[in-house]
Protein chains: 2
Amino acid sequence: MGMNSNRVAGQETTLKIQTESSPPLEIHRVCLPPNKTGFQRLRHRLSEIFFPDDPLHRLKNQTPLMKFILSLQYLFPIFQWGPTYNLSLLKSDVVSGLTIASLAIPQGISYAKLANLPAIIGLYSSFVPPLIYAILGSSRHLAVGPVSIASLVMGSMLEETVHHTEDPVLYLQLAFTATFFAGLFQASLGLLRLGFIVDFLSKATLVGFMAGAAIIVSLQQLKGLLGIAHFTSKMQIIPVLSSVFHHRKEWSWQTIVMGLSFLFFLLATRHISLRKQKLFWISAAAPLTSVILSTLMVFFLRDHLDNHIPTIGHLQEGLNPPSANMLYFHGPYLSLAIKTGLITGILSLTEGIAVGRTFASLKNYQVDGNKEMMAIGMMNMAGSCSSCFVTSGSFSRSAVNYNAGAQSVVSNIVMAATVLVTLLFLMPLFKYTPNLILAAIIITAVVGLIDYRSVFKLWKVDRLDCLACLCAFFGVLLISVQIGLAIAIGISILKILLHVTRPNTVLLGNIPGTQIYQNLSRYGEAKRVPSFLILGIESPIYFANSTYLQERILRWVREEEERVQVNNGSSMKCLILDMTAVTAIDTSGIDAINELKKMLEKRSLQLVLANPVAEVMEKLHRSNILESFGMNGLYLTVGEAVAAVSLSLFKGQP
Amino acid sequence: MGMNSNRVAGQETTLKIQTESSPPLEIHRVCLPPNKTGFQRLRHRLSEIFFPDDPLHRLKNQTPLMKFILSLQYLFPIFQWGPTYNLSLLKSDVVSGLTIASLAIPQGISYAKLANLPAIIGLYSSFVPPLIYAILGSSRHLAVGPVSIASLVMGSMLEETVHHTEDPVLYLQLAFTATFFAGLFQASLGLLRLGFIVDFLSKATLVGFMAGAAIIVSLQQLKGLLGIAHFTSKMQIIPVLSSVFHHRKEWSWQTIVMGLSFLFFLLATRHISLRKQKLFWISAAAPLTSVILSTLMVFFLRDHLDNHIPTIGHLQEGLNPPSANMLYFHGPYLSLAIKTGLITGILSLTEGIAVGRTFASLKNYQVDGNKEMMAIGMMNMAGSCSSCFVTSGSFSRSAVNYNAGAQSVVSNIVMAATVLVTLLFLMPLFKYTPNLILAAIIITAVVGLIDYRSVFKLWKVDRLDCLACLCAFFGVLLISVQIGLAIAIGISILKILLHVTRPNTVLLGNIPGTQIYQNLSRYGEAKRVPSFLILGIESPIYFANSTYLQERILRWVREEEERVQVNNGSSMKCLILDMTAVTAIDTSGIDAINELKKMLEKRSLQLVLANPVAEVMEKLHRSNILESFGMNGLYLTVGEAVAAVSLSLFKGQP
């Protein structure tokens, strides 16, 4: 309790020691952080966890009317940009909206197929969700609609239990229900400001996961490209490949020739656009062009083909039918729907947030993660009631949107309008569109997800990140999409834990002529201080590492004693622990320090702590351990500790 | 790559800047750590993970013969203390050995009942394992035998699937198999030097878990104390209590009177011994005394009792029969046996290691965790082949052993010899021992596990630790032993992750007249440096916090800009990040720093890093990000950064 007086800042916090030979030695006391009640601490802590961006700071010092307007603008960003919207912006948005619509229509149909859903669901999903997002979303460049990974995962998870061919109605019900839960989950994350959960999917994990998923998706498309009728519904590489070769007799050369030609065409346009950013419209227009061309080809050759090339077939004209009555809230498959919703929800959210942030940082505006989550969640919940499946911001379409000059979410409205026209009037045109073209479009879209350059970079910079990446990749390929993801997240977390479990301890030395104490093995000019052992601990001290640190520090002491013996140096008197990097401590850590102190005392060694951070200082104080350290066990810097302890050690000597 | 030249230590690492008004400004370059190959780094890393205690250091500079002897002593500690063992040590060990035997015999029988095993298995388990431990173990005070928590968990886990009354042989097989896997797991942990896994059971977790388990165990003993014949096999508090009151009619007053009297006697002796350490023998002798007294009472009153008091009954005389043939390595229950083995293995290991360390630190010798694991693992594997169930070092018996003056593991050998005599000649004496006395012994033993004082302390020092403790407690009471444990471990890990996900960032200021930069809110005398924003980041930068940190730092910048505007201060020019506590960085963290730099450049703010630690420096270097920082973006201390940047900012001004 003796330290409490130091809470009064400014008084008596420095201590001057006058010696004969040197200038006055100034010793600064280590302060406790300002006294806070448990409630204040909890409030501060919670506000840092849930409101790190201080979302209400705009409302400070405003009139009530302005507060209302600002809140409205905060909740519905459309009120923010709406009033200043003008014709020149609209022109850009119409051009980009039409461009992404030409991409969204074939991709929508393709991704619906990927989720084992009727093709028209893909179009429905490109109509309602973009409109909702236009009202709530804060990214200007996000192109909203079905996305490949979430579609794939939904398809594979539902298909494991319910076959879409055997019970199409139940399958559809489950898909809508999963979409509803995905939206509910996403909106709750945003509302509860738990957006940081998404951060646990590290980039390294995502690179591996996406590459694995892309390969699985591409291989599955061999069904369409080769014209195989009986195909496995499994998602692992081995059953898929064996299914491809097992059904060799079903391969149809007409499909193969046409499919490969269009695949080559699409990949070539993608390659051109990647090389020259200005030619982005080539790859943007290619899918619709391919769809039109292939449909025309099949239409004119229909008498010669004898049904050798499967087509989409008849699609019902008309707007999204309501589907709230198809949601499935009780029964044996509810847990499946919830699980699927959670996983597709988090995956689509990750993609949407990442895409939004990427383009926002290119144009130097901010996207609020929690608000985006609410927007994406609301649009999925609305979507599930209007015959849509999981949607999000797609990376490929958003890039096209950005390159086509989109200025605001109005481009999404234009796209939705185009889809509306298609739904109302153009559905019969898809009757002869061959399935192979959908396969080619999917492959072209997902090939871009294989980012092998990042893997090399990961290997160069961080081997463990690279391992997480590879585990995610092989997990997805060989086991399953969910397990692959779980393994990768597990490894990422394990990496954090490993760092905490086995923290670095480094030997510090003084750089002559300064008060700087640095790693001896890194700085050649740093010198050991005789009679002292100075260790830097580079981690919080937790239950997970307290035993290790205790043993490791005792090993340092043992090694130093051996070194002193060999060199006939002056014997060790004091161990200084530089606590600057010990950013937190728990009860096990405090016990460990206490025990260490006792063990060192038995060897007549003094233990001194230098620069404990506020949180650690407070815990040391509350656990009453500070009393045993007293005034001579705690210093603000290593330099002051060395000076003060030297003085007290050699006092009385000439 | 330009930094590579700095790896040559000592050359050109300081830079002197001469100004007109001030003394020469000395700037130290930030060095890269010594260049290591990937293999060297991996080796260093692995040796820190697996061999932090450098177990081979004793063998350095020794002759081959000495190396052989030292290795033998390392593997079999008996060779270490054996040669110097003498008669006076033996005398102490005989006294303490007999004392713990008097405790081990009734406790062994009781704990076997706790695991739903025949009483004699408990005696077998107090014979073979102590002998094995005497050869391999390195703790001098550990009293080996069955332990309450592991027995309870084994009983509850196996009983969930196989009822010991319905299929006693299968149950026994599974118990031996689980013991075998527990031993295998423990020995492997030691052999693979993965002992740190045990550290993940934090003290806070264990306090809650043990208290919950103690209450469950005590309530279960109501069966014996009240004389109920039909009792639930469930382990949750609600079914146990409802079973107690449901079977009110089976309560027998004879049992209740006798049981409560002995329980009171045992608790009273425990209380006396706790008050006066010297009277430890009172509580040590009490169980055996109670067994003898109660047996005699039942024997003499046997005609009056009409079987109202259930007794142990006939026990087979003889040594441990071999049971290797009962191990069960294939079949439907294998996974149950493995799971039970893993959990009881880790629990008994935790208790054994903690007990060993506690008494070692009291007598100032070291217990090697990994070696202890091998010893405990080997004794359980041997035990499983000689009709023993899971054993470990028991806290209560070890404390008695210590107080009785044990000097070495020979006290375990004496105890085993006493048990041997019991097994060979004294078994008929237990025929009339009532079950109620076993219940009273168990309750007395586990009551000590309820450590409510620690809970208060946890609440005072660390609320989150306290939460983990309470979750473990209620998890065990209300759900199940395994789930309670899992929840508690989950919360402990979540706590680490939460600290990483939402790290502190603190505003630093200069303490006038020094080169010390400290937390402005904590040190009243610290002053802001005009034109600079200096932030300390108190955590590694990982995927889990890179987005948060980026946004939080931008908020600091925004708030500083607002503050400057309000106060008409000099505008901000430079953001200095004190990286001392950033002990690691991953690829997401590097991306975040890169992005932050770009964002600040758009606001014409310079980003400077101060004192990156070796690992961070190396990663920054390998990711080629250092080039974009150049010579003016990296300084060894905050002070030098401020000095150098000020100089370059105001160069040319008068």
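Using N, Cα and C of the backbone, Cβ positions are placed for all residues, glycine too.
Residues 76, 78, 101, 104-105, 107-111, 142-146, 155, 164, 168, 171-172, 175, 312, 315-316, 319-320, 375-376, 378-380, 382-383, 386-389, 391, 409-410, 412-413, 415-416, 419-420, 422-423, 427, 430 of the same chain lie 6 or more positions beyond the ends of the transmembrane segment (A:117-135) yet place their CB under 8 Å from a CB of it. Residues annotated as transmembrane segment in TrEMBL: A:117-135 (among others).
Distant neighbours of the transmembrane segment (A:170-192): 50, 115-118, 121, 150, 154, 157-158, 162-164, 198, 323, 326-329, 333-334, 336-338, 340-342, 344-346, 348-349, 369-385, 387-390; these residues of the same chain sit at least 6 beyond its ends, with a Cβ under 8 Å from one of its Cβ atoms. The feature transmembrane segment is assigned by TrEMBL to A:170-192 (among others).
What TrEMBL records for A:204-231 (among others) is transmembrane segment.
Look at TrEMBL and you will find A:251-268 (among others) tagged as transmembrane segment.
Annotation source TrEMBL lists transmembrane segment at A:280-301 (among others).
The transmembrane segment annotation in TrEMBL covers A:408-430 (among others). Sequence-distant contacts of the transmembrane segment (A:408-430) (same chain, six or more residues past either end, CB-CB distance under 8 Å): 78, 81, 85, 89-90, 93-94, 96-98, 100-101, 104-105, 108-109, 119-120, 123-124, 126-128, 130-131, 133-134, 137, 139-140, 142-145, 295, 312, 314-320, 401.
Remote same-chain residues near the transmembrane segment (A:436-455) are listed as 106-107, 109-111, 113-114, 148-149, 203, 207-208, 210-211, 213-215, 217-218, 221-225, 227, 255, 258-259, 262-263, 266-267, 270, 287, 290-291, 294-295, 309-310, 312, 395-396, 466, 469-470 (criterion: CB distance under 8 Å, separation of at least six residues from the stretch ends). Annotation comment: TrEMBL describes A:436-455 (among others) as transmembrane segment.
What TrEMBL records for A:467-494 (among others) is transmembrane segment.
Here TrEMBL flags A:522-645 as domain 'STAS'. Each residue of the domain 'STAS' (A:522-645) gets a DSSP state, and the totals for helix, strand and coil are 62 helix, 21 strand, 41 coil.
Of the two recorded stretches, the transmembrane segment (A:280-301) does not lie close to the transmembrane segment (A:467-494), with fewer than three CB pairs under 8 Å once pairs fewer than 6 apart in sequence are set aside.
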